[in-house]
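Below is one structure, written out as structure tokens, with a few remarks after it.
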Amino acid sequence: MFSRIVRPTSTLACQGARNFSSSKQNNTKVTVVGAAGGIGQPLSMLLKQSDLITELSLYDIVKHTPGVAADISHMNFPAKVKGFTGAEQLRDSLKGSQVVIIPAGLPRKPGMSRDDLFSANASIVRDVAAAVADVAPKALVGIITNPVNSCVPIFCEVMKKAGKLDPNRIFGVSTLDLVRASAFIGEAKGLNPKDVNCPVIGGHSGVSIVPLISQCKPAVQFSKDELTKMTVRIQDAGTEVVKAKAGAGSATLSMGFAGARFAISLLRALNGESNVIECAYVLNDVAGTKYFATPLLLGKNGIEKNLGIGKLSDFEQELVNKAIPELKDNVAKGEQFVK
Ligand SMILES: NC(=O)C1=CN([C@@H]2O[C@H](COP(=O)(O)OP(=O)(O)OC[C@H]3O[C@@H](n4cnc5c(N)ncnc54)[C@H](O)[C@@H]3O)[C@@H](O)[C@H]2O)C=CC1
Ligand SMILES: O=C([O-])CC(=O)C(=O)O
């Protein structure tokens with residue numbers, strides 16, 4: 001059973017929309033695994049624009065990955081872009097990376113749950129984790145591949161087996177949930193969505209996605225009915241896109257944007273910037289589930305401090321109570337896969 005944790009809320013707001021350029025950092029290599037895909041391409045295109053990256057390594061199993069790299073390399077920003085393809089080049093692509101972002105794997109089709117992707121994607125994440133353990137064990141890793149709730153435990157278990165696990169460096173990327181919360185709340189309240197910050201905790205699937213609208217900045221008021229509708233819309237937003245794309249995949253462009261925001265936040269923290277906060281799904285015992293997304297203060301070594309979940313409304317507490325059993329199942333499934 002989840003025990004209520006009450007912490008001050010003032011530090012909980014995650015970053016809002018950001019410009020992707022910032023002051024320069026030397027010798028920072030970022031690898032995108034799954035770079036030729038629907039998310040990988042826009043994500044890589046956005047990352048190329050960051051002054052915080054000196055080398056952008058693009059890896060995908062498909063043969064045209066060097067072509068994607070050639071294409072992006074013509075954008076007039078300083079990061080050197082290199083393309084890698086085929087299983088034999090995975091380790092070369094990762095070697096020496098400070099940040100690794102993983103959008104590799106199958107997306108959903110209408111009627112599927114994220115968990116239905118487990119059989120296709122679990123082994124991809126396992127194999128990438130083994131390569132990271134070998135050649136980039138200190139990298140900060142962002143896992144986008146679904147089901148995120150199980151893929152992060154898979155990644156951590158592989159790192160643990162290799163004796164390389166540092167839980168402060170491995171993140172399930174739930175940033176799109178925050179991006180959506182800002183967009184939908186901003187739209188509903190006539191606010192600029194760039195200025196709306198609503199923490200989203202829990203996991204990244206259906207009921208495990210828990211928006212903390214009571215902690216939104218600026219503060220917003222909804223009737224009980226509106227609050228329920230807004231919460232459900234944020235929880236089901238991925239499915240909304242899957243349905244609208246009618247068999248052609250899931251969110252790619254908004255995820256490319258969200259993934260870039262998360263990667264840049266890691267890089268800003270690596271670069272010594274203070275007060276960089278993002279929510280992400282990480283190993284912790286905040287809610288008794290082993291893995292749980294919360295706001296995190298980021299630093300040079302990944303998570304500097306877990307900021308916890310703050311004070312929840314009764315409505316949000318109920319949502320957390322519903323999220324916990326689903327998360328426990330998802331985590332156990334991921335861990336079991338590696339054992
Ligand atoms: N965390 C989140 O919020 C979100 C997660 N996703 C997930 O991201 C993943 C990717 O989605 P899309 O880009 O739309 O799919 P996609 O099919 O367009 O691209 C996936 C890419 O991964 C590559 N790939 C497959 N196996 C690989 C391997 N072993 N190593 C390297 N690359 C490999 C494919 O060749 C392809 O280029 C899916 O699992 C999807 O469910 C999607 C949206 C949001
Ligand atoms: O819904 C999906 O399958 C992709 C995803 O995770 C999202 O858009 O949030």
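Cβ from N, Cα, C; glycine included.
Keep in mind that TrEMBL annotations are predicted by a computer and have not been checked by a curator.
Here the structure is a predicted model, which means the values were calculated and not measured.
Features of the protein shown, as given by TrEMBL:
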- 28-172: domain 'Lactate/malate dehydrogenase N-terminal' (DOMAIN)
- GLY34, ALA35, ALA36, GLY37, GLY38, ILE39, GLY40, ASP60, ASN121, ILE144, THR145, ASN146, MET255: NAD(+) binding site (BINDING)
- ARG108, ARG114, ASN146, ARG180: substrate binding site (BINDING)
- 175-338: domain 'Lactate/malate dehydrogenase C-terminal' (DOMAIN)
- HIS204: active site, proton acceptor (ACT_SITE)
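Everything TrEMBL records as a feature, shown here on the structure.
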residue : record                 : Cβ neighbours (10 Å)
GLY34   : NAD(+) binding site    : 26
ALA36   : NAD(+) binding site    : 23
GLY38   : NAD(+) binding site    : 19
GLY40   : NAD(+) binding site    : 28
ARG108  : substrate binding site : 21
ARG114  : substrate binding site : 26
ASN121  : NAD(+) binding site    : 22
THR145  : NAD(+) binding site    : 29
ASN146  : substrate binding site : 28
ARG180  : substrate binding site : 25
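Here the Cβ of the residue listed as 'active site, proton acceptor' has 27 other Cβ atoms within 10 Å, regardless of which shown protein chain they belong to.
In this structure the C-alpha atoms belonging to ARG108 (substrate binding site) and THR145 (NAD(+) binding site) are separated by 11 Å.
Ligand 2 lies within reach of ARG108, ASN146 from the binding-site residues GLY40, ARG108, ASN121, ASN146, judged by a C-beta closer than 6 angstroms to any of its atoms. Its Cβ taken as reference, MET255 (NAD(+) binding site) is surrounded by 24 other Cβ atoms within 10 Å in the chains shown. According to its DSSP assignment, GLY38 (NAD(+) binding site) is coil. Residues GLY34, ALA35, ALA36, GLY37, GLY38, ILE39, GLY40, ASP60, ASN121, ILE144, THR145, ASN146, MET255 are listed as the NAD(+) binders, and the farthest two of them sit 18 Å apart at their Cα atoms.
The binding-site residues GLY34, ALA36, MET255 include none with a CA atom within 10 A of the CA of ASN146 (substrate binding site).
Secondary structure of the domain 'Lactate/malate dehydrogenase N-terminal' (28-172) per DSSP, as helix, strand and coil residue counts: 65 helix, 28 strand, 52 coil. A straight line from the CA of ARG114 (substrate binding site) to the CA of HIS204 (active site, proton acceptor) spans 9 Å.
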